[in-house]
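Engineer: I have a structure I would like to understand better, so I am pasting it below and will then ask my questions one at a time.
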Amino acid sequence: MFRTMMRAKLHRATVTEANLNYVGSITIDEDLMDAVEIVENEKVQVVNNNNGERLETYVIKGERGSGVICLNGAAARLVQPGDKVIIICYGLVSAEEVYKQIPKIAVLDDRNQIIEMLSAEKAGTEV
């Protein structure tokens, strides 16, 4: 049996752009992608803390060090620049590996710079 587990997360990213006329996807600063091991074209879930919207899309690389978090295409209708989002990537993990799998979680500041790296979350934790 395989379980779908969170393996990477960018917590409280700030949307910097929303580009309706782009083909689709989410553009993420490549430094942030590397920090949590998300790769280009990988599927992610985006949760908007401001309006409760949830969507799935794929990732394209943004300029390193830019802090870019840009929702493209139809997804641009679900966010506004300045919105706080959580970007989550899941992976399939075998039953034997479930308790060995350690997620990479980057907590971001308002400029999308990493302020803390976590490997677990406690219930009721506020960041």
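Note that Cβ sites are derived from N, Cα and C of the backbone, with glycine treated the same way.
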Engineer: Looking at substrate binding as recorded in Swiss-Prot, which candidate out of T27, T57 goes with G73, A74, A75?
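Structural biologist: The record-listed residue among the candidates is T57.
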Engineer: List the residues in the vicinity of the substrate site, defined as same-chain residues other than T57, G73, A74, A75 with C-beta within 8 angstroms of the site's C-beta centre.
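Structural biologist: The surrounding set, listed in chain order, is G24, S25, I26, L55, L71, N72, A76, R77, L78.
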Engineer: Going along the chain, which residues six or more apart from Y58 (active site, proton donor) have their CB under 8 A from its CB?
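Structural biologist: Y58 (active site, proton donor) has long-range Cβ partners G24, S25, I26, N41, E42, K43, V44.
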